[in-house]
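Database features (TrEMBL):
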type	residues	note
COMPBIAS	1-10	compositional bias 'Basic and acidic residues'
DOMAIN	230-286	domain 'CBS'
REGION	1-22	region 'Disordered'
TRANSMEM	311-331	transmembrane segment
TRANSMEM	385-407	transmembrane segment
TRANSMEM	414-438	transmembrane segment
TRANSMEM	450-474	transmembrane segment
Amino acid sequence: MENTGDDHRIHQGQPEHSTFDGEDIYAEDGSIRSDFLMHVGAAIADRDLLFLRRHVARLHESEMGDLLEAIQPEQRRQLVSLLGAEFDLAALTEVDEAIRLDIVEHMPNEQIAAALGEMDSDDAVYILEDLDQEDQEEILSKLPFTERIRLRRSLDYPESTAGRRMQTEFVAVPPFWTIGQTIDYLREDADLPDSFSQIFVIDPTFRLLGAIDLDRILRTARGTKIEAVMRETNHPIPAEMDQEEAAQLFEQYDLLSAAVVDENGRLVGVLTIDDVVDVIQEEAEEDLMRLGGVGDEELSDTTIETVRSRAPWLLVNLLTAFLAASVISLFEATIEEIVALAVLMPIVAGMGGNAGSQTMTVTVRALATRDLDIHNSWRVVRREAGVGILHGLAFGLMIGAVAAVWFHDVNIGGVIATAMLINMCAAALAGIMIPMLLDRAGADPAVSSGVFVTAVTDIVGFFAFLGLATWWFAIR
């Protein structure tokens, strides 16, 4: 981390941009207003701390995150440096990883440590986890012992697990306390989490016994024992559980928060709905990017990083394209004799590719949400086969009629109609079977399904169309 102890000369006067009086920084399309960006840029250039304190430091962390992503890299560093301790480090949880790392690397470790000490542990871990081990240890060493231990415990869990996502601040009481004792504790303890919806019940070894909602506490007589009104926590989340599986539990049981326990059933943290919403969004974005063969890519990545991210699957796609081309080469003589085939080939392959992509997208998402499993897989396969047959008949008749009129040859129309039926059925089956087989093999179907489905539809489409044409016109 860079210790920027510069003694900036700050303008305390009222430059022209300090007259900005806008309340909402967003335009109607959801982007940050261009006039606000202009004023912020001018204030950064003039080192106008008065404007920055009045209009920037007050922003919500999500608004600050949008602003940081909208301005230039050098402006980001200058803005954070000018605001100093007034910069809300939680805003870095709202930006791309590359931007977050760039900003943190230019901040003094003392400032980072001081800000982390004021944040919820889950947000602090989110910022720390992207740093290398040396920087993590240096920042953690500047934190109080208790806070340091909490953050290290979360960082010890694997990435994308509930333990890494959890908040280590929670409220827990013994079962023999009364409602009155619990209420007094909540009023008097200064180290409670900023917000919470339930209180956990634990034994002396921190094993989770149950939980009680705050509204239940408020409606219960003070002399009542906690153990008399607590409910068993039916859905404690293992700290090693994948974050996507944890999010599915929240969705299935409509949870607002859930206890996180270690392998011995001891309470180690709590997972809250705001973190789960972030997980759902991240996983959806990840699936979408992987379906496009892009992987973990961000808009802030450099050109070289983007090329490295996209090149591998483009190379695989190139290899499968050679396979499709080799199929075409088998029928060179037929194509030379009937030129119309070269005109119509892309239609068969293109329709099959699109149909396969539709089925594949639905299948990959169903696998990710666990809606598709071994119990209903064959029913879904039969349904998709039926869809492929109906699409093949409908579009086959359509393109067959057009081709017959276009080339004044009913035989060409019949050949392409039959090829379309075959390829649409193959596309439907490939679109569902390939993701299912990859998932069964332990591979991520979102990553590699697209290339293989496209390869199948291209090869089957070309072989069916050109093979049928060769056979039909040979026997005429």
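Note that the numbers count up from 1, one per residue, in the order the chain is shown.
A Cβ is built for glycine as well, from the same backbone N, Cα and C atoms used for every other residue.
TrEMBL labels come from automatic prediction, so no person has curated them.
Using DSSP to sort the residues of the domain 'CBS' (230-286) gives these counts of helix, strand and coil: 25 helix, 16 strand, 16 coil.
Residues 340, 344, 347, 351, 355, 359, 413-414, 416-429 of the same chain lie 6 or more positions beyond the ends of the transmembrane segment (385-407) yet place their CB under 8 Å from a CB of it. Long-range contacts of the transmembrane segment (414-438) within the same chain: residues 344, 347-349, 351-353, 355-360, 362-364, 367, 372, 377, 380-381, 384-385, 387-389, 391-393, 395-397, 399-400, 403-404, 444-445, 448-449, 452-453, 456-457, 460-461, 464-465, 468-469, 472, each at least 6 residues beyond the stretch ends and with a Cβ under 8 Å from a Cβ of the stretch. Mean pLDDT for the domain 'CBS' (230-286) in the predicted structure: 91.
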